[in-house]
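Here is what TrEMBL records for this protein:
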- 373-398: compositional bias 'Polar residues' (COMPBIAS)
- 348-398: region 'Disordered' (REGION)
- 32-52: transmembrane segment (TRANSMEM)
- 102-124: transmembrane segment (TRANSMEM)
- 144-166: transmembrane segment (TRANSMEM)
- 172-191: transmembrane segment (TRANSMEM)
- 226-248: transmembrane segment (TRANSMEM)
- 260-283: transmembrane segment (TRANSMEM)
Amino acid sequence: MLSPTSMYKLTVMNMTTAAIEQTDTIFRAALILEWVLISIGFGETMLLWYLLRYTNQYHRNLAMIVEQLPNQYFPSLLARMYMIYKQLTIPNTAELINDQSFLFAVWLRNSLLFVAFYFAPFPVIERCFATVYMQDYETNKRRWISYLLSTILYIIAFTSAQFFIFGSYREIHILLITSFNLVAFGLTFVMERYNKKRYSKLRKNVNSDYSLSVRAQLSENINSTLPFKVMCFSIAFFASLCTSMLHVDEWTESQTIRNWVYMAFNFSCWSYGTIVPFFMLAYNPLWQKELKRLGNRICCCLIHKNRIGEGSSQKKKKTTKVKDTFGRNCLVDDTQHSTIYFSQLNAEWNAPPEPDTTRRKSRDKKTELVPPTNAQPHSVASPRSISNGSTSPRQEVN
């Protein structure tokens, strides 16, 4: 069971003091805004996880290590959203800190934050392994590298977090986090220089025995140094900024100042989780291409649905004036044209035959309608004369 007296409840604003000083409205609005921004950040984190899992921009070992950033971010965001919900629904701070579910959310969120603070060196260390095993790193998986580095990351982060939350000497953690990230930042320069030197040596030596796999690995190591430098610098900046705010309890006793600092800390953590993926996206052409593909696909689906909705609600169904098989006109809906056509054709083919009496009556009517000819009554034209249109010289006169 978590004890509120022995646990450092960082980032928990004192809403009771804020209500007394009439600043609770501002802090409530800030909490609601943070909740909305976290919801947006949750979608961004899901997109980052998708890009890491289903694109082949990075080596699988490197992608698995980078995946730990969104992996810890999911439960951390959920814990923070639950904390905001509790602070908005329970304004009494004394009652709030005795809620075990709230204390567990505080502990989980603060512990996972240290995973993000210590994250930067481990992708760089993976690139060091890629340089050492350059000969067959593309073909030989060596999954133990990613599992080992991920395990070390969580052990260091959770151990440091527990000492920070339940222990003392919190100033040491600022130095540790800052030094870890600065070492990773400097190591990227060393790796870049080494790989570029090796690549230039490879190009000068025409008879070198470097395989295509080695060339691809060298190219990946060189191309990944620039985004890693930007990532390590940004993580070092946000980690140092956030951890420095966590020592506000040792600087002042004013609850109002602490509330403002805690609010700035929470927004800094949100900025860290939002800006760092954007830096990674800016130097990743394959991710940009995949995002454009997803965007175009979503837009096409939305436009297609809107067109279907507008067509069914505003426009009438199109009909076409056609003739059936027996020459009669009919207006047929375009969508049912084939069905109606073949049904009518089937009905005409299978209709019963007309009786002889009706056929005779129709034939008599047709003959009555034919006008009489002005031929001579006493002359009989031979069939030959009728066929060629002239009068025969042979005529019989009575």
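Glycine residues also receive a Cβ, built from the backbone N, Cα and C atoms like all the rest.
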Contact call for the transmembrane segment (102-124) against the transmembrane segment (144-166), three or more Cβ pairs under 8 Å: yes
Surrounding residues of the transmembrane segment (32-52) on its own chain - C-beta under 8 Å, 6+ positions past either end: 58, 63, 66-67, 69-71, 73-74, 77, 80-81, 84-85, 88, 266-267, 270, 273-274, 277, 280, 284, 287, 290-291
Long-range neighbours of the transmembrane segment (144-166), counting only residues six or more past its ends (CB under 8 A): 6-8, 10, 60-62, 64-65, 68, 107, 110-111, 113-115, 117-119, 122, 125-126, 129, 173, 176-177, 246
